[in-house]
Amino acid sequence: METIYYPTAGADTNPNTSLEGDTTSEIFLEISAGIFLTVVVLMNFLLNPPMLCVLYRVTSIQPTTKIFMASLTMSDLGTGIIWLIRLPGVFAGKWLLGDFLCAISGVFGYIFQSLNLLSLVLLTIDRYIAVSRPLRYPTLMTVFRSKILICAKWTTIVIVGILLYGIYHPRRVEQLGSRQLCSWRMDNVRGVFGLLAVVFWQTVIIILYLRISLIARKQARRIAAENQADNGQGGHRINTRSIATIVIITGTLVITWIPNIILLLVPLVNGSSPNTYINYLLTYFATGFVISNSWLNVIIYYLRNKQLRRVMLVLLSDWRHRLVQNF
C-alpha cells in the first residue's frame, strides 16, 4: 500500500539533471518530512506500549475485544519499528542500511499497515456483533474464535506481503539522480491491488459503523420509551455519543488515508509517476498520515474509554512512585 517509486528502464538518472544537489524545495521537504515522521514515531512509542499494560488490567472489556485491541496495538508498534529504521535515511537524504534491510522494510511496511487496517475491521465486526446480537455474542465470538481470526489475519497478510512486496519487484536501493534511495516501482498490478484493498476495507468499516449507529438509535428510543422520567434525555445522550464515536473513527480513517489513495491513483491514471526526489518525499508525507493511525488509535480506542483512562492513571501514578523511590 506504500507508494514509493524508483526509476523504470530508460528513466533519466543523469546526475547533471535537476535531481543534482539540494534545491530549496527539496531541503524544506526533507526537513519537514523528517520532523513529521519523527513526531509520528515518537507518539507511537510513547502511547502504545503502556496501553498493552493497561488493557490487561481492565476487567470491564470482553476478553475477545481485548484480543482484537492487542492485535491492533502490536501492528501499530510494528509500524513504529519499521519507520524508526527508515528515519535516518529521511534525514540523510539517502538509504544507509543496504539492500537487504531495504527489501525487508518494504515487506514489513506493507504487512504492518495492512494488519493495522484489518485489525480495525475485526474490531468493528466485534463491536457490530456485540451491539446487534448482545445475547448471542458470548457464543458467536468466543476467545478461541477470536484467536483463530487473529492468527488467520496475520498469516494471510504475511503471505500476501511476501508474494506481492517481497518476491514481486521488492524494494531495492536505486540511483535517483545523485541519490541512492530505497524505493520500488508502483506498477498497475500493485497499484490496483492496494487501491481496491484500502477502499474496500474502509467501506466495510463505514457501513458497519452506520449499522451500529442505527441499532444504537433504536435502542436509545426503546430506553427512552421505557424510562420517561427524564423525557428521553438519557437516550439522547446515548445516541449523541454513538454518532460522535462513528464520526471520529470513520473521519480519522478516511482523512489519514486520502493522501495515500491519491498517490495510488496518480500512476494508474497517468500511466506513470514522475521520478523525482520531491515526489519521493511527498510519498513519505502521504505514508506519514497513514501511520499516524498508529497513535491516533490509542486516543480513539483507549483514551476515550473511562475505565481504561482510570486504569492508565493508576498505572502511571504507580510508576511515578516507584521512580521517585528509586532515586
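Every residue gets a Cβ built from N, Cα and C, even glycine.
Taken from TrEMBL, the feature domain 'G-protein coupled receptors family 1 profile' applies to 47-301.
Annotation source TrEMBL lists transmembrane segment at 27-47 (among others).
Taken from TrEMBL, the feature transmembrane segment covers 67-85 (among others).
The annotation transmembrane segment is assigned in TrEMBL to 97-125 (among others). For the transmembrane segment (97-125), the residues of the chain that approach it from at least six positions outside its boundaries are 1-2, 65, 68-69, 71-72, 75-76, 78-79, 82-83, 85-86, 88-89, 149-150, 153-154, 157-158, 160-162, 164-166, 170-173, 182, 184, 197-198, 201-202, 204-205, 208-209, 253, 290-291, 293-294, 297, 301, judged by C-beta separation under 8 angstroms.
Sequence annotations record features per position, and here TrEMBL assigns transmembrane segment to 146-168 (among others).
Nonlocal intrachain contacts for the transmembrane segment (188-212), taken as residues 6+ away from its ends with a CB within less than 8 angstroms of a stretch CB, comprise 1, 3, 114, 117-118, 120-121, 124-125, 127-128, 131-132, 164-165, 168-169, 242, 246, 249-250, 253-254, 257, 260-261, 264-265, 267-268. Taken from TrEMBL, the feature transmembrane segment covers 188-212 (among others).
Here TrEMBL flags 243-269 (among others) as transmembrane segment.
Same-chain residues lying 6+ beyond the ends of the transmembrane segment (281-303) with a Cβ under 8 Å from its Cβ atoms: 1-5, 26, 29-30, 32-33, 36-37, 40, 43-44, 46-48, 51, 54-55, 69, 72-73, 76-77, 79-80, 83, 90, 113, 116, 120, 123, 248-249, 252-253, 255-260, 262-263, 309, 312. Annotated transmembrane segment per TrEMBL: 281-303 (among others), in sequence order.
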Cβ contacts under 8 Å made by the transmembrane segment (27-47) with residues that lie 6+ beyond its boundaries: 76-77, 79-80, 83-84, 86-87, 90-91, 93, 278, 281-282, 284-285, 288, 291-292, 294-295, 298-299
